[in-house]
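Q: I grabbed these lines from Swiss-Prot:
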type	residues	note
BINDING	37, 38, 39, 40, 41, 69, 108, 137	4-amino-2-methyl-5-(diphosphooxymethyl)pyrimidine binding site
BINDING	70, 89	Mg(2+) binding site
């Protein structure tokens, strides 16, 4: 049963692009995306604070669910909709501070053991990946594939879930067929020949999520 310690999110967050710049945040919110994550890696807080502030402001302007990857202190300081953390971040993050600030929390997982760890934190949603091979990020684990994804979805029942990793426009329908609540994409949009058309087609398949 879905009983997070953090504020809840809709079961369906819809199409969930993960991007590395404020420019992409603005572009995608302008064309109708309503769940999005700013993921900037390996920079100091002071180097990314201006981008975090700008992204959060855009999220508010478009009434969107804007998640900040990793930089949880900045997310709290500037009142983001939510924070997304990897497994490696859970032990070094003050989860109670995120909870007390009223921010939603998403947690990455790659196997059953990591799902156990995520469930212990009782986040707002659980991300499951990587589903397919991906070039976006170096991954120590093997791709899960659709059958394993479906197994995780069955286990998690009504817990909001997000599939991520190598999901293309062509693969999105099969991913949704597993029962996953949401689909995260990276290169399917940012490396598309026509990002507007790719986003429109993905929105038509996945949707913008529930209110």
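Here the Cβ of each residue, glycine as well, is placed from N, Cα and C on the backbone.
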Q: Mind checking which of 70, 89 has the fewest other CB atoms within 10 A of its CB? They're the binding-site residues.
A: 89
Q: If you count the other Cβ atoms within 10 Å of each Cβ, which of the binding-site residues 37, 69, 108 comes out on top?
A: 37
Q: With H, G and I counted as helix, E and B as strand and the rest as coil, say where DSSP puts residue 89 (Mg(2+) binding site).
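A: Residue 89 (Mg(2+) binding site) sits in a helix per DSSP.
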Q: So which of the binding-site residues is most packed in, judged by how many other Cβ atoms lie within 10 Å of its Cβ, out of 39, 41?
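A: The residue with the densest Cβ neighbourhood is 39.
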Q: Cα of residue 39 (4-amino-2-methyl-5-(diphosphooxymethyl)pyrimidine binding site) to Cα of residue 70 (Mg(2+) binding site): how many Å, rounded?
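A: For residue 39 (4-amino-2-methyl-5-(diphosphooxymethyl)pyrimidine binding site) versus residue 70 (Mg(2+) binding site), the Cα atoms are 8 Å apart.
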Q: From the Cα of residue 70 (Mg(2+) binding site) across to the Cα of residue 41 (4-amino-2-methyl-5-(diphosphooxymethyl)pyrimidine binding site), what is the distance in angstrom?
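A: For residue 41 (4-amino-2-methyl-5-(diphosphooxymethyl)pyrimidine binding site) versus residue 70 (Mg(2+) binding site), the Cα atoms are 8 Å apart.
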Q: Might you list, by sequence position, any residue in that chain lying six or more from residue 38 (4-amino-2-methyl-5-(diphosphooxymethyl)pyrimidine binding site) with a Cβ less than 8 Å away from its Cβ?
A: 19, 20, 21, 22, 25, 51, 52, 55, 66, 67, 68, 69
Q: Within its own chain, what residues at least 6 apart in sequence put their Cβ under 8 Å from the Cβ of residue 40 (4-amino-2-methyl-5-(diphosphooxymethyl)pyrimidine binding site), listed in sequence order?
A: 20, 21, 48, 51, 69, 70, 71
Q: Look up residue 37 (4-amino-2-methyl-5-(diphosphooxymethyl)pyrimidine binding site) in the DSSP assignment and report helix, strand or coil.
A: strand
Q: Please report how many Å separate the Cα atom of residue 89 (Mg(2+) binding site) from that of residue 108 (4-amino-2-methyl-5-(diphosphooxymethyl)pyrimidine binding site), as a whole number.
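A: So the alpha carbons of residue 89 (Mg(2+) binding site) and residue 108 (4-amino-2-methyl-5-(diphosphooxymethyl)pyrimidine binding site) sit roughly 10 Å from each other.
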